[in-house]
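Taking it in order: structure first as structure tokens, then the write-up.
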Amino acid sequence: MKLMIIESPGKIEKLSTILGDGWKIAASVGHVRDLPQKEMGVAAPDFKPSYELTERGEGVVAKLKNLLKQADSVYLATDPDREGEAISWHLQQCLKLSNPLRVTFNEITANAVKASLVAPRTIDVKRVAAQEARRVLDRLVGYMVSPELSRLTGKRLSAGRVQSPAVRLVVEREREIKAFKVTNHFGAMLFFADAKTSGEWSAEWLTKPKFVAEDNPYFMDRDFAAAVAQVKAVVVKSFDESEAKRSPPPPFTTSTMQQAASVTLGVDPKAAMDAAQKLYEQGHITYHRTDNPNVSDESLGDIYAVSVKLGLDIAEKPRKFKAPAGAQVGHPAVTPTHWEVEEAGETSDQKALYKLIRLRAIACQLADARYAVRTVRLEAAQPVGGKNVEFEARGRTLIYQGWLKLIAGDQTEEEDGNEKESSNPIPVCAPGECLDVARGKLLEKKTKPPSHYTQATLVKKLESEGIGRPATYAAIMDNIVSRGYVKTEKKYLFPTETGELIVDSLVGKFEFLDLGFTREIEESLDRIAQGESGYKAVIAKVHDQLNMELSTLQVSATPKHPCQECGKPLRRIPGKNGHFWGCSGYPDCSVTFPDEGGKPGQKKPVEVSNFACVKCGNPLKHLVKKGKGGYDFWGCSGFKEGCKATYEDKKGKPNFEKAK
């Protein structure tokens, strides 16, 4: 018997059908080993990780050991990325495999699977080292920084090497929006009647460069703009006709697939990845964790065949798209495995995502869309306020659909600016021609703040900043929302009070919050995978940096809200009657403070009477609570010093005869 070990049990049925008799397919169900849960699991100077079987891994490994007794050969067919390579290495270690055959395939089809069996290889230890470095770096930041973060804030909070920079982006965008000051400015639009078509076209006043500067592009004089809108006639200065092309977007990478699923289907990155995982396991799409925006060369023939069948024109030569900076391009873009299949998947999300993937992948090799473009420059026949004013009209008409015959545009964009551009049907004009203005309009404009991030646009930002990798985006989104650092309202992301507290506590104190540092770490991991850097050097550098920052912080930093009694951080605690602040040193320190606008307030001074305690001489306090469970008695203000004396109330005075 030949044993093939894969990651996901969802692939077993499909692979069993492909491989047939003589094969046993078993799943590791992800990682079987990890760093220990209750300790760091790695330490200087060698930073060698200490792994232990996960609770699920113990059962998986026991089952696999039994299967090994019947196996003649073992094929490790975990996923074709760094994570999959690491899982294969851990399986080799746990099962004590002396000569496992490592095979990978980018799609679960008979051709791809059988081709991989013909050319097995050994485990790529450089890629394993890169994954191990990522895991250890995440552990270092989490275990070294989180306790200090909790000390500073008085709350049990966690810091993350990638999640914290993601939260920072959301926090800074929110503050940018709140700090934004609206600028009211003005423009003018002229409208012209086209006698031949009975239509209307428009031209906008050009305020640059005569009326505004590059560093302050807003025209503020409303009266002058209104006068421009009253222009009655213009002279044509120039008229130009040209043709513009619009190329199709590339096929999906992991991040663009998540963005398109969010924008077009309304599903979050995690749901998109879950649907893609199922489609991959069912054999409908290629491997969906990739940053390569190009289809495989072998797919071109299939794309051309489907395009001809659909009556679509293909591009003159195969298209190649530029990969993002730092992309690993280890696997082709996300595409269908059987291009002629129009519908695939078991659920509505899977079917909708498959359709997006297929049409986008076909469109990438279709001909450009073409537009007829007309541009006319106009000048007012008479100066306005002694100044010559010019206008420009630009119109675009689709004359050849090309790839737009198949898909409407780039589904990753929240708003497709190209499609918003008006056709503006400008007639043929001759330089020197005088045109009458049908009507004018004063444009009252105002600047807009940047939009809040959505999960789609945050993924796009993370990718552009080089933060994270295809396999991590969905987990980042899920973590920052599920842990309460970011919340979603009508698809937009807002920081929570906790998220802002984390960012304020870490920024300026730890370098891993800087986007540039996070990007450098990703590049270091890439170099480890390529054999250009060593694991130990990368880990030691980050470890030393964190140690230095923690030492500096512990010497200089004080808690944001220190206890006035012991100096430990105060914590904001929900109570029956709202929030209050208590000392994190409880029960050793039981000081509390009222909550005032999310911050510790001042305790009201204790109101004492002129009556003295007969036991210790301290002033008495009149303690009254009305309603259910109420009370009315006198107590000693020396309670904390040990005097427990109480007195019954007698007509608003302590009854010294009834002392307890």
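Using the three backbone atoms N, Cα and C, a Cβ is placed for every residue, glycine included.
Quick caveat, the model's predicted, so the values are computed rather than measured.
According to its DSSP assignment, Asp79 (Mg(2+) binding site) is coil. Sequence-distant neighbours of Asp79 (Mg(2+) binding site) (same chain, 6+ apart, CB under 8 A from its CB) are Glu7, Ile87, Thr104, Tyr287, Arg289. Annotation source Swiss-Prot lists Mg(2+) binding site at Glu7, Asp79, citing sequence analysis.
Under the heading domain 'Toprim', Swiss-Prot lists 1-110.
Here Swiss-Prot flags 124-550 as domain 'Topo IA-type catalytic'. In the predicted structure, the domain 'Topo IA-type catalytic' (124-550) carries a mean pLDDT of 93.
His31 (site 'Interaction with DNA') is surrounded by 20 other CB atoms, counting those within 10 A of its CB over all protein chains shown. Taken from Swiss-Prot, the feature site 'Interaction with DNA' covers His31 (among others), and the record attributes it to sequence analysis.
In sequence order, Arg82, Leu525 make up the list of same-chain residues 6 or more apart from Arg134 (site 'Interaction with DNA') whose Cβ falls under 8 Å from its Cβ. The site 'Interaction with DNA' feature in Swiss-Prot is assigned to Arg134 (among others).
Annotation comment: Swiss-Prot describes Arg135 (among others) as site 'Interaction with DNA'. Within 10 Å of the C-beta atom of Arg135 (site 'Interaction with DNA') sit 19 other C-beta atoms, taking all shown protein chains into account.
Residues or ranges marked as site 'Interaction with DNA' in Swiss-Prot: Asp138 (among others). Secondary structure from DSSP puts Asp138 (site 'Interaction with DNA') in a helix. On its own chain, Asp138 (site 'Interaction with DNA') has Gly160, Arg161, Val162 as residues at least 6 apart in sequence with a Cβ closer than 8 Å to its own Cβ.
Feature annotation from Swiss-Prot assigns site 'Interaction with DNA' to Tyr143 (among others). Around Tyr143 (site 'Interaction with DNA'), the same-chain residues six or more apart in sequence whose CB sits under 8 Å from its CB are Met40, listed in sequence order.
Taken from Swiss-Prot, the feature site 'Interaction with DNA' covers Arg289 (among others).
Swiss-Prot lists Arg483 (among others) with the feature site 'Interaction with DNA'. Counting every protein chain shown, the number of other Cβ atoms lying within 10 Å of the Cβ of Arg483 (site 'Interaction with DNA') is 17. In the three-state DSSP scheme, Arg483 (site 'Interaction with DNA') is classed as coil.
Here Swiss-Prot flags 563-589 (among others) as zinc finger. Each residue in the zinc finger (563-589) gets a DSSP state, and the totals come to 0 helix, 13 strand, 14 coil.
When Cβ-Cβ distances below 8 Å are used as the criterion, the zinc finger (613-643) is approached by residues 606-607, 649, 652, 654, 656, 659 of the same chain, each at least six residues removed from its ends. According to Swiss-Prot, the feature zinc finger maps to 613-643 (among others).
Among residues of the same chain six or more beyond the zinc finger (563-589), those with a C-beta under 8 A of the stretch's C-beta atoms are 151-155, 595, 598, 600-601. The most crowded of the recorded positions listed here (Glu7, Arg289) is Arg289, judged by how many other CB atoms sit within 10 Å of its own CB. In this structure, the CA atom of Arg483 (site 'Interaction with DNA') is 20 Å away from the CA atom of Arg135 (site 'Interaction with DNA'). Across the structure, Arg135 (site 'Interaction with DNA') and His31 (site 'Interaction with DNA') are spaced 12 Å apart at their Cα atoms. DSSP gives Tyr143 (site 'Interaction with DNA') a helix state. Secondary structure counts, DSSP: the zinc finger (613-643) has 3 helix, 13 strand, 15 coil. Sorting each residue of the domain 'Toprim' (1-110) by its DSSP state yields 40 helix, 20 strand, 50 coil.
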